[in-house]
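The annotation transmembrane segment is assigned in TrEMBL to 54-83, 95-111, 123-142, 149-170, 182-203, 215-234, 340-362, 369-393, 399-425, 437-457, 463-484. Taken from TrEMBL, the feature domain 'Major facilitator superfamily (MFS) profile' covers 58-491.
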Amino acid sequence: MGLVGVQENGAGDLGFPGVSLGAKNKYKRMDSELNEDLDDHHHQGDASSSARKYVYACAVFASLNSVLLGYDVGVMSGAIIFIQEDLKITEVQEEVLVGILSILSLLGSLAGGKTSDAIGRKWTMALAALVFQIGAAIMTLAPTFQVLLIGRILAGVGIGLGVMIAPVYIAEISPTIARGSLTSFPEIFINLGILLGYVSNFAFSGLPAHTNWRIMLAVGILPSIFIGFALFIIPESPRWLVLKNRVDDARSVLLKTMDNEKEVEERLAEIQLAAGISSAEKYEEKAVWREFLNPSPALKRMLITGFGIQCFQQITGIDATVYYSPEIFKEAGIHGNSKLLAATVAVGLAKTGFIVVAIVLIDKLGRKPLLYLSTIGMTVCLFCLGFTLTFLGNGKVGVGLAIFWVCGNVAFFSVGIGPVCWVLTSEIFPLKLRAQAAALGAVGNRVSSGIVAMSFLSVSRAITVGGTFFIFSFISALSVAFVYKFVPETKGKSLEQIESLFQNDIGWRETEVELGDVEQLVDKNEQK
């Protein structure tokens, strides 16, 4: 059934056209999608609790690398205060130190696509943890700004590797019906890491300035130790195994995650077809980067969607809000390191708590409704924060509203664009391009983050902190339009089926309408 669904949708390798997705095939395609969707629900109901627990465990362990990114973002917001005091660094050095991790993490993300295709998704996660550990150790012991910067660069490369591979791995190992929520796990762990970083800042802020920031940074090594233990539990991605012609190994992994032989064989057939190594024929291969440089129309649409949503996630200013929350609250009228760091804990709680909303709703409402809720909410909060900082001064009302709007901004981010961004980029690309395309998206994400982090203080000095958030609000409004025009709904489709959404321009635009038709057909079927 799964294989038939793929063939009807024309889902194959991007370089090779499938069956046309014109109007004549619309209801045939809807019927295929309806039957596959009902099959997914049926098989999921038959799946044992042990299989579900196994998939959840794999998603959790694969997400541990994301704690490293979150912890670094959170802890550096407070540690930088004491680093400045201890090492006597300038404001420009402070911006470089904060932003260099995001900029240099692009090296890890660029290397991650090719590395994960060569050594596997699992061992790429191991390499990411090792590189980060070395960088964190150097930062902890750094006697000067220069040595601290070297450690920061290595930590950035490790984070870049980890942040691009975790969503890819989880998407490839997850059953269709739960892929959205499971692929959101890395964002949960990023938020958990940020919260732990804020708590660490507050907990160790009372120690001497020469010691406290070193302990804050050293604590970040702990999650990567747990990743080492995780490698003995989690399997390799079944889709990567198929790419390496290890079909029997892939079947074994799928049996652990689905626990239904019929569904396993269907999924295996889909993966083999998408990988171009089905028993029927082997597709002529084309260098991945050559396809990126001269993309087909379908791949071009995928790249616009994936790269665009990754960049918008960061240029709306989330890392500036998190990294520089003490600076923002200082501008609002809060003084004293302990009070500033305590206020940041509230931000961490809001950011972490609301990610649960996304996990619960992403496979029920879909990706696109959450993106609308998120981007519109962020636009309002960013505008109101700019207005508060600009016009309401340093009084109690201004302080309270500033905290409220910052917490609102990070909450809306966690509800939608934070997790959905990674879900989309891990599921819209075809198998043979997925790792390197996800790496390209992660590069856009990390570069955008670095530019924002490295320029925030300078821009805010030039046009005020409030003025900077007016700019972020305008960019966030643009992200709403981007979601409307370029992001299709992918809820309830297998990874192999999602390719068909981008095969022609009409299919790309009509995705939501067709999904609505499918839902109506399901309702009618239930009424009968």
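All positions are counted from 1 along the displayed chain.
Keep in mind that glycine also has a Cβ here, set from the backbone N, Cα and C atoms.
A TrEMBL annotation is a machine prediction, not a hand-curated record.
Sequence-distant contacts of the transmembrane segment (463-484) (same chain, at least 6 residues past either end, Cβ-Cβ under 8 Å): 308-309, 312, 315-317, 320, 327-328, 331, 368, 371-372, 375-376, 378-379, 382-383, 385-391, 417, 456. At the 8 Å Cβ cutoff, the transmembrane segment (215-234) and the transmembrane segment (123-142) share at least 3 close pairs (sequence separation 6 or more) and count as touching. Mean pLDDT for the domain 'Major facilitator superfamily (MFS) profile' (58-491) in this predicted model: 83. Of the Cβ pairs linking the transmembrane segment (149-170) with the transmembrane segment (369-393) and spaced 6 or more residues apart, fewer than 3 are under 8 Å, so the two regions do not touch. Ranked by Cβ pairs under 8 Å to the transmembrane segment (399-425), the stretches 54-83, 95-111, 182-203, 369-393 are led by 369-393. Pairs of Cβ atoms less than 8 Å apart link the transmembrane segment (54-83) most often to 182-203, out of 95-111, 123-142, 182-203.
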